[in-house]
Amino acid sequence: MELTSEEYEELRGLLGTPDIGNADTLKKAFLKACKVHHPDKGGNEEAMKRLLYLYNKAKIAASATTSQVPEYGTSQWEQWWEEFNQGFDEQDLHCDEELEPSDNEEENPAGSQAPGSQATPPKKPRTSPDFPEVLKEYVSNALFTNRTYNCFIIFTTAEKGKELYPCIQAAYKCTFIALYMYNGDSVLYIITVGKHRVNAMENLCSKKCTVSFLQAKGVLKPQEAYNVCCTFELISQNIQGGLPSSFFNPVQEEEKSVNWKLISEFACSIKCTDPLLLMALYLEFTTAPEACKVCDNPRRLEHRRHHTKDHTLNALLFQDSKTQKTICNQACDTVLAKRRLDMKTLTRNELLVQRWQGLFQEMEDLFGARGEEHLAHRMAAVMWLNALHPNMPDVIFNYIKMVVENKPKQRYLLLKGPVNCGKTTVAAGLIGLCGGAYLNINCPPERLAFELGMAIDQFTVVFEDVKGKKSSKSSLQTGIGFENLDNLRDHLDGAVPVNLERKHQNKVTQIFPPGIVTCNEYDIPLTVKIRMYQKVELLHNYNLYKSLKNTEEVGKKRYLQSGITWLLLLIYFRSVDDFTEKLQECVVKWKERIETEVGDMWLLTMKENIEQGKNILEK
């Protein structure tokens, strides 16, 4: 069933194509026309029906005229092959034809020629002169390279050299270009503004040198090559008088950079391990010392002590540096490295002396001519701490002796007592006095390894507010603190080194530091209790609480938790002989200042005020 001529024209119009073509073309045109005529696409329903009818009719007609070849090797293919070749052998393909002879031609041997003529002699191969020998050691001889240069030498004929001179100068806007004659040929010495490949220069010149020889080289040693070219005959150059020697060796001012060592020394002197804090502190040095307002601040005497011209000049460079954080990170790493070296090489007594020397320097700043604090306020805090325990000076002295000697299984002080009895205050003061870190032992076991990593290179540690599972007070929350401590027997004993780790750092093997364990009234496991060398129980005293509340000068400024306050407690209550020889001079000096500025009578009055819950400073 074939399409009539009218139906054929109608189908062409609906498909919008000049010719239907084969089945594949018909199908593509039909799918495209469906998007136009389909009612869902906004087309005419009648036109779509008519298109579908005519398409199906045309597809049947096309398939009827298309023969399909059966699969090779099957019986159907054998039958098709016989039908296809039927009658082929009977056809006579012979053609009776006689060729007329061509004009009489004499067979001439190859290369024969008419008498009297002469063959054109073959052209001799053109030879290009070698590149000037005197320049070879200063140019690159690489055949294929992507390296870029800003200095080139072109070697070509005398005529092409004159032609290339203005062409190159216009194309590359050369800083310098000169044309020389060398043994009858041209040498072009070129310095461009930017860098280019040798083949780019060669491609430009080859457009002018289709027949003439051309050699382009990148120059490795521009000054030496120019000096050799100056021995040739000069034809032209774009700079009158040529290039001065200073062109190749310009006098450059030495670029000043940030002195990293100076920043590291500053970080070590203030023992800063926080990169962001160090960055802020060092940027304060950008102002000249004589105009610095920070130096006039009585609370910033450490800044005044370090603010010198060297730091000011370096801080100005540091201010414009793009690597501020990197510099500060390295400086803080230097502080940590020095601390680790001290922990490995110094005795614990020497480490404590260093710590206390820093505290004495801080006391000079606080109570000196520029300081804002009053020694009497600190001594009020000392008398309050002394009232916490009947033998507080002896407790502190024995604790310091214990952490300095650091004997195995004789390394920890247990502070136990009810809520709000002063355990945390004592622990914080001793950390300020000796240096150390706080550890949260109540965390889950999987986090415990990184928590213990805080003890790396520390003098002492505090296991703060350790929780247990049983207690005499039902109101206390239970926890796994003592269970975790029980699993850290090697850490508490201090007999063998243990592995400590922090995130993004390698493990460190060291003896775990001694320290303090504070807890409320929990039942302590026996295996933990026997590892507590000193045990101190504190009691809640309402008058202590009341006197502290009435004396804002002491509680508001956190004097009770300051290492300086605890050092003053030892200075006042212990004899000079209890201190090492390096510190005895400072101890004598501060004993005299306490006697002069406060006096025993006022201190006795402070003690009575504390016992009565009054303002400690009231006379």
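Placement of Cβ uses the backbone N, Cα and C atoms for every residue, glycine included.
Record features, source Swiss-Prot:
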{"type": "COMPBIAS", "residues": "110-120", "note": "compositional bias 'Polar residues'"}
{"type": "MOTIF", "residues": "121-128", "note": "motif 'Nuclear localization signal'"}
{"type": "DNA_BIND", "residues": "132-245", "note": "DNA-binding region"}
{"type": "ZN_FING", "residues": "255-348", "note": "zinc finger"}
{"type": "BINDING", "residues": "CYS292, CYS295, HIS303, HIS307", "note": "Zn(2+) binding site"}
{"type": "BINDING", "residues": "GLY417, PRO418, VAL419, ASN420, CYS421, GLY422, LYS423, THR424", "note": "ATP binding site"}
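Of all the binding-site residues in the list CYS292, CYS295, HIS303, HIS307, the shortest Cα-Cα distance to GLY417 (ATP binding site) is found for HIS303. Neighbour list (HIS307 (Zn(2+) binding site), Cβ cut-off 8 Å, at least 6 residues apart, same chain): PHE285, PRO289, CYS292, VAL294, CYS295.
Comparing the binding-site residues VAL419, CYS421 by how many other C-beta atoms lie within 10 angstroms of each C-beta, the top residue is CYS421.
Looking at LYS423 (ATP binding site) and HIS303 (Zn(2+) binding site), their Cα atoms lie 34 Å from each other. By a simple count of nearby Cβ atoms, those within 10 Å, the most crowded of the binding-site residues ASN420, THR424 is THR424.
Nearest in space to HIS303 (Zn(2+) binding site), taking C-alpha to C-alpha distance over the binding-site residues PRO418, VAL419, ASN420, CYS421, THR424, is THR424. Taking all protein chains in view, 14 other C-beta atoms sit within 10 angstroms of the C-beta of PRO418 (ATP binding site).
Cβ neighbour count for CYS295 (Zn(2+) binding site): 17 (other Cβ atoms within 10 Å of its Cβ, all protein chains included). Shown for the DNA-binding region (132-245): DSSP residue counts in helix, strand and coil, namely 39 helix, 42 strand, 33 coil.
Confidence across the zinc finger (255-348), taken as the mean pLDDT and rounded to a whole number, stands at 92.
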